[in-house]
Amino acid sequence: MEITFLGTSSGVPTRTRNVSSVALRLPQRKEIWLFDCGEATQHQLLRSDLRTSQIRRIFITHMHGDHIFGLMGLLASCGLAGTVSQIDVYGPPTLDRYIASCLRWSVMRLPYKLQVHTVEPGEVFSDGEFTVTCRLLHHRVPAFGYRVTEGDRPGRFHVEKAQALGIPFGPLYGQLKQGKTITLEDGRTFDGRDFCDPPQRGRSMVYCTDTVFCDSAVELAQQADVLIHEATFSHQEANLAFARLHSTSTMAAQVAAFAQVKLLFLTHFSARYAPGNPVQVEDLLAEAQAIFPNTRLAQDFLHYAIPRDGQICAEMPPSDSPAAANIDTLEATLEPLEAQTVAADAKNAPAIAINRATRQQMQQKLGIDATTANAILERRRQQKFTCLGELERLYPQVDWSALNVLF
């Protein structure tokens, strides 16, 4: 199970991020499953090492344009590229009418069979090897989160042990591999479980966007190997998240923590956090890691292979986690989301988290000019601050004694 992010921006594309789409490559089947298909997804596929001829299933979360406007172009291109295998598309109730209208008014004829499935909470697809389930999330329109679960694989069969005991090669080995008990002609019986290692747990991936924090996302993501969750807003803009029914970075982290997932990828970032703006996606990462340390930032064309051992893939470079000295326990951080509020006037707040503060926050709370704030930001990017004495030595113009500085 190999994940490739094709679009990680929300609403509109930016210079470095396209709108939503994630590819799940299944090498053993030579198949690609897509999750959402925002505008220009087929362009992203051309820039990747993925082959459109291997696309077999497309799962649409909801009917907003930044998640579906690339679908029809991709389906048409698959046909022009010579695809003849059936493509199955899954999504909300209005998806079939949308596709039918586009096919009709563009006079598009596909050379392959296109099957559209209307999803409901529960099992969406299963073939014995993989099972896809979905849950209804909490957004302005019906939106579904998807979970792909791989079936458990039998443990290694120790053929040398069977040979040493004189068990004849043939169909009996197949029965032993399945854990069955066999009886030989000489009357000896053998339990197949004695010849096999424990089964290998199947891997799982969960994709949740668009949604505000909700219990169904937590239930869907229970103990998943990878959770891909939207983080449209920073924590300081939680009021916007609640108003627009999107998630903050901390909401995504809370879902990951409650669900006890192995690894969280943040995606679906607002364009307001693009390079050059006061708040960066790295600030959202720091917010999330304070709650759930095993958090990574998704970026276009980032590739991640889910390992079979349930551990975080060694190929992923470690990310610096912000110091969380102010957090005694995980439970202390996971307060009820309904009770969270955003300070109306941030400059009156008594504390500043120096390793996560934005330039505007530093200007307001520290009473410094933009040049000094940028200098602190630049030094922080190179090496995070660890003590108050270091700040007092580097920036004596700030009255640090009047502030409650958190690291």
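We count from 1, first residue shown onward.
Using N, Cα and C of the backbone, Cβ positions are placed for all residues, glycine too.
Record note: Swiss-Prot gives H62, H64, D210 as Zn(2+) 1-binding, and the candidate from H138, H139, H303 in that site is H139.
Neighbour counts of Cβ atoms within 10 Å were compared for the binding-site residues H62, H64, H139, H268, and the top value is held by H268. Scoring each of the binding-site residues (D66, D210) by how many neighbouring Cβ atoms lie within 10 Å, the top position goes to D210. Cα to Cα, D210 (Zn(2+) 1 binding site) and H268 (Zn(2+) 2 binding site) are separated by 8 Å. In sequence order, S10, G11, V19, S20, D36, G38, T61, H62, H64, T209, E230 are the residues of the same chain, not among D66, H67, D210, H268, whose CB sits within 8 A of the CB centroid for the Zn(2+) 2 site. Around the Cβ of H67 (Zn(2+) 2 binding site), the number of neighbouring Cβ atoms within 10 Å comes to 27.
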